[in-house]
Each structure stands twice: as structure tokens, then as C-alpha cells.
């Protein structure tokens with residue numbers, strides 16, 4: 001009896017017809033892929049992309065040179081040199097470098113920062129041709145912060161209830 005059932009299934013190509021119906025069912029559904037670089041998918045507010053240093057609205061950099069981000073970085077990708085204390089008792093960084101080749105994008109630096117100075121922004125398109133271009137200095141980080149400030153502030157506001 002089993003061989004008869006197997007012969008009928010083979011004769012009528014049951015698996016083949018089933019596969020055709022399955023293909024047709026998925027053929028008319030909405031596409032699961034997008035045409036990247038021309039189309040970009042949604043990015044979560046918690047996305048950890050290219051690093052940026054933020055400024056206060058008056059233009060002063062936020063980083064207070066506490067070096068918590070440097071201490072917590074598991075990859076030791078952050079290097080900070082603090083300048084001398086200013087008259088008001090605060091200090092700022094003279095050097096703030098991130099070696100993106102070493103960075104593992106864990107987000108610990110962002111979590112450790114008491115003033116939200118260092119953040120991981122929304123940009124994920126920063127491919128380079130040389131390794132030297134992946135060594136971000138303070139000026140590049142500040143430029144990233146200026147470029148992405150509106151989106152970074154929006155993402156931090158959306159994430160605030162969970163922090």
C-alpha cells in the first residue's frame with residue numbers, strides 16, 4: 001500500500017506542485033529587501049553607529065575630561081588628554097581620540113558619560129580605504145556631533161525613559 005501511495009505522489013508531482021503554490025504565494029507579497037544605497041531601512045533610536053562629541057547650545061563642548069569613557073572602554077580604543085583647570089574650576093580635553101579599528105561599538109562610553117558628551121550617532125556609512133581614516137581625532141568627533149546633533153538629540157529623548 002505504501003508503494004502505491006508513493007507511486008501516486010510521484011505521478012502527480014505532489015512536491016513539485018506544492019513548491020509552485022508556495023512560490024506563487026510569496027511572489028505577490030511585499031518585498032523583504034530594499035534597494036540599498038538608493039533606499040535605506042529604518043534605524044532604531046538605540047542604534048550604535050559612528051561616534052560623535054556633542055556641544056552645548058552655546059557652542060561649548062560638553063566633555064569635562066573626566067576620562068570615564070577611557071576607563072570603561074573594554075577595547076582601550078579611547079585616548080584622552082585633559083587640559084589644565086580653567087578659572088571656573090572646569091577642564092576640557094586637549095586631545096580626544098578614538099581608534100575605530102579597535103572599537104567594538106559596545107556603547108559603554110556613552111553610558112558612562114555623565115554629561116552625554118560622547119554618543120554613538122545614527123551614521124552607519126563610514127567605510128574608508130585606509131586604516132588611518134578610522135582614527136578619529138577630537139575635531140572629527142566634534143564635526144560628527146555638529147552634523148548629527150538634531151538626530152542625536154531626538155534619539156536620546158526617545159531613549160530617555162529607558163536610561
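Keep in mind that glycine also has a Cβ here, set from the backbone N, Cα and C atoms.
Under the heading [4Fe-4S] cluster 1 binding site, Swiss-Prot lists 63, 66, 69, 113, citing sequence analysis as support. When secondary structure is read from DSSP and collapsed to three states, residue 69 ([4Fe-4S] cluster 1 binding site) falls in the helix class. Non-local contacts of residue 69 ([4Fe-4S] cluster 1 binding site) by the CB criterion (under 8 A, 6+ apart in sequence, same chain) comprise 78, 80, 108, 109, 110, 112, 113, 118.
According to DSSP, residue 109 ([4Fe-4S] cluster 2 binding site) sits within a helical segment. According to Swiss-Prot, the feature [4Fe-4S] cluster 2 binding site maps to 73, 103, 106, 109.
Annotated domain '4Fe-4S ferredoxin-type 1' per Swiss-Prot: 53-83, in sequence order, evidence recorded as sequence analysis. Per-residue confidence over the domain '4Fe-4S ferredoxin-type 1' (53-83) averages 95 (mean pLDDT, predicted model).
If you look up Swiss-Prot, you'll see 94-123 marked as domain '4Fe-4S ferredoxin-type 2'.
With the fewest other C-beta atoms within 10 Å around its C-beta, 106 stands out among the binding-site residues 73, 103, 106, 109, 113. Packing against the domain '4Fe-4S ferredoxin-type 1' (53-83) from elsewhere in the chain are residues 90-104, 106, 108-119, 138, 141-142, 144-146, 149, 152: each is 6 or more residues past its ends and has a CB under 8 Å from a CB in it. The most densely surrounded of the binding-site residues 63, 66, judged by C-beta neighbours within 10 angstroms, is 63. The two recorded residues, residue 66 ([4Fe-4S] cluster 1 binding site) and residue 106 ([4Fe-4S] cluster 2 binding site), show a Cα separation of 19 Å. Cα distances from residue 63 ([4Fe-4S] cluster 1 binding site) to the binding-site residues 73, 103, 106 are smallest for 73.
Taking the mean position of the Cβ atoms of 73, 103, 106, 109 as the [4Fe-4S] cluster 2 site, the remaining same-chain residues with a Cβ inside 8 Å of that point are 69, 72, 74, 75, 77, 78, 98, 104, 105, 107, 108.
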